[in-house]
Amino acid sequence: MTDYLPSASSRQRVTFAESQKFSFCTTWFDKVADQDRKYIVNIFVDTKEIEIMDVGRKQAFLKRCPYPELDMTKFYLGNSVVIHGRQHNIVEFANEYTKKALSSAQERTCAIVKPHAYGANPNIFKDLLRELHKNQLAVSRLQLSQLTPQDAAQFYAEHVSKPFYPSLQQMITSGPALIIELVGDQAVQKWRNIIGPTDPRQALPQHLRSKYGISVTENAFHGSATPQEAEREIQIAFQLRPLCAPEHSRTAVIVIEPTFKAQYGDILSHLFTQINQVSGLVVSGIHSADPVAADIDELFKAYQGVIPNWRSYCDAFDDGVCIAIELTGSNDVIQNARNIVGPFDPEIAKLLKPQSVRAVFGKDCVQNAVFVTDIAEEAEIHSDFWFRCAE
Ligand code: GDP
């Protein structure tokens, strides 16, 4: 099965010896007490066992026990993992051994699809994600944002005094840019190898810049130069506001289920192709978010009793990073979005709307690939949740 997240073995690049134990500091938000509780989660990789210590109470919270669903690809800093129904946010490695063994496999880089390339060709997502998959790089966050001249000067600080800077600034602030955080072994170098040299004329056919670059300035993609630069750029880029439609405009939100991460590229390409065919319909936002289970339940409350298998459907959306796409612009944006997504049940979608996203990608009524706003009263709540409040 294809999967854009690297497999556990490749991503960690470590040999799992007998009784190998990795330890992580995690937090779980205790809604009743209204505070974060701290834990140490110990993972016994070879025996697929888990143990959780309660840091505050200085005692075992969960004694060492089998953990058959262990998936080491989910254990990276910043991610959250559901363990026995609780969402643990992984905030730090708990010891030097774990840090040394895992941190090089978790290098991050800042990739950007520059404004002139974003939206120019829906296949750009397919090409980009295919390359990431081949190189075992994972998308850990993405968002659509527009840089101001001040943002550009901060991001490209080292180039501000160079003669080409005015054209660089003009290009990078000229429209929405898709900002992507990539994680994986040697992510910085691998992404640079994927996009190729700064001047697209010097790029080889396999480089993305040769296909989508127009000139040295309009070379379609950004990639961090070093791991240190990557950390600096990620900090700047993900502090920008995700673009979304102005409040009170008519919107609909489509959210890709995290279990479909292997097909993010194909689903995005399919969506963009269909959206482009509806006159007046525009993508006003793209934003990834990893909401906690309780928030998903609250968000989907209006659909309780309406959606079949409501509980399982909510659970499917709290299993990792979700990608949300906000649509606006047309008079009947919700109806247009529903037409693109198709009927809730993929089997019915195949019969009635064979080109719809659920017909093409959905598996059943829980894994139906995407959620879509289908009640006008909910539209503002969805836009607020995924674009104005979500982290
Ligand atoms: P990168 O790491 O390959 O993106 O290259 P740099 O960090 O050196 O430059 C940042 C961006 O500035 C490039 O991606 C180009 O868009 C632009 N740029 C760099 N060098 C030149 C140049 O000599 N002329 C022009 N017009 N633009 C340049």
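Backbone N, Cα and C define each Cβ position, glycine as well.
Those TrEMBL annotations? Automatic predictions, nothing curated.
Straight from TrEMBL, the features:
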- 18-106: domain 'DM10' (DOMAIN)
- LYS114, PHE164, ARG192, THR198, ARG209, ASN219: ATP binding site (BINDING)
- HIS222: active site, pros-phosphohistidine intermediate (ACT_SITE)
Which of THR198, ASN219, the listed binding-site residues, has fewest other Cβ atoms within 10 Å: THR198
Max CA-CA distance, Å, over listed ATP-binding residues LYS114, PHE164, ARG192, THR198, ARG209, ASN219: 21
The domain 'DM10' (18-106) - residue tally per DSSP class, helix then strand then coil: 14 helix, 46 strand, 29 coil
Those binding-site residues in LYS114, ARG192, ARG209 whose CB falls under 6 A of ligand 1, listed in sequence order: none
Distance from HIS222 (active site, pros-phosphohistidine intermediate) back to ARG192 (ATP binding site), taken between C-alpha atoms, in Å: 8
Long-range Cβ environment of PHE164 (ATP binding site), under 8 Å and at least 6 residues apart: VAL216, THR217
Distance [Cα-Cα, Å, rounded] between HIS222 (active site, pros-phosphohistidine intermediate) and THR198 (ATP binding site): 9
The residue listed as 'active site, pros-phosphohistidine intermediate': secondary structure state under DSSP, collapsed to three categories: strand
Spatial neighbours of ARG209 (ATP binding site) that are distant in sequence (at least 6 apart) but have CB under 8 A: ILE195, GLY196, PRO197, THR198, PRO200, ALA203, ASN219, ALA220, PHE221
Rounded mean pLDDT for the residues that make up the domain 'DM10' (18-106): 88
For LYS114 (ATP binding site), the number of other Cβ atoms found within 10 Å of its own Cβ: 21
Surrounding CB atoms that lie within 10 Å of the CB of ARG192 (ATP binding site), all protein chains: 19
Local Cβ density at HIS222 (active site, pros-phosphohistidine intermediate) - other Cβ atoms counted within 10 Å: 22
